[in-house]
Amino acid sequence: MRVTAPRTLLLLLSAALALTETWAGSHSMRYFDTAVSRPGRGEPRFITVGYVDDTQFVRFDSDAASPRMEPRAPWIEQEGPEYWDRETQTSKAQAQTDRENLRIALRYYNQSEAGSHTIQRMFGCDVGPDGRLLRGYSQSAYDGKDYIALNEDLSSWTAADTAAQITQRKWEAAREAEQLRAYLEGTCVEWLRRYLENGRETLQRADTPKTHVTHHPISDHEATLRCWALGFYPAEITLTWQRDGEDQTQDTELVETRPAGDGTFQKWAAVVVPSGEEERYTCHVQHEGLPKPLTLRWEPSSQSTIPIVGIVAGLAVLAVVVIGAVVTAVICRRKSSGGKGGSYSQAASSDSAQGSDVSLTA
């Protein structure tokens, strides 16, 4: 669930902000809010999505025919009507707050009302294997650039520019960090524990990665060795290449972990090697689903085009998923507004899992 945090300053998260990874054995809950203005086409659109670890579990879209917080995972559907009513009202309040925030931001940055602008925010908490808070965070952005962020001490702010410094001063005067910290250490952790228990079969599972190495000639003198890990969960994984036992980190091309479209993830790491020296290179894979790290080599006799076909198909699905996720995430971070003074603020409510409203009121 998300709780509404007290009113003061907080806004804007970078459009490129991605889900951050947690430590092994830890779990996270995050909400991503986005408000986008669209002059001449009605009120700004507001979307929020909630994630537990790498699984989306709720979503709200102000453009829906009947805007409500909606379930996105089977295990959250067991929550009763009061939960959905409360989360819906929290999201609607945040949507209204962010609409005001967008207007205030125009004044902060001396911008015209003719253009489209975006406010984004990510906030949430991580807990360790013992269920205790490891880290809390709240980061905001405006038009894809950092705006203001809660520091790791959960008691101070880092402002990215002079406009954000206005917000920082107002939040400090209102002791906004204290209220947000209370949410992160209390409500956020409590709801995360509840979700982990209710969704334990999904959220606390460990799907073992399917691994193999492929060989791709570049010229008569060089070839690319690519180490694949497919179908794993959770998303945290380590792929490294070694040459004669020495890490090749600087020479490794490593892609970001990607959703496969079926609730699992994919990743690969590649190195360019001299032809004829392939046997000197080993790929090392570490993942929660493995009893011990794997060591792989390219086996010339075992290479097949079948895995590649499967990967291409998976990446095709991935493309659709990523596009949808980007649209959602870039249209899904949560801010709240209120008032005309020109100061961002958050509003906290005691029993909503969402965490905090952000608004620019004086």
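Note that the numbers count up from 1, one per residue, in the order the chain is shown.
Note that Cβ sites are derived from N, Cα and C of the backbone, with glycine treated the same way.
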>> Tell me which of Cys188, Cys227 Swiss-Prot records as disulfide-bonded to Cys283.
In response: Cys227
> Can you tell me how the residues of the region 'Alpha-3' (207-298) break down into helix, strand and coil by DSSP?
Replying inline: 6 helix, 54 strand, 32 coil
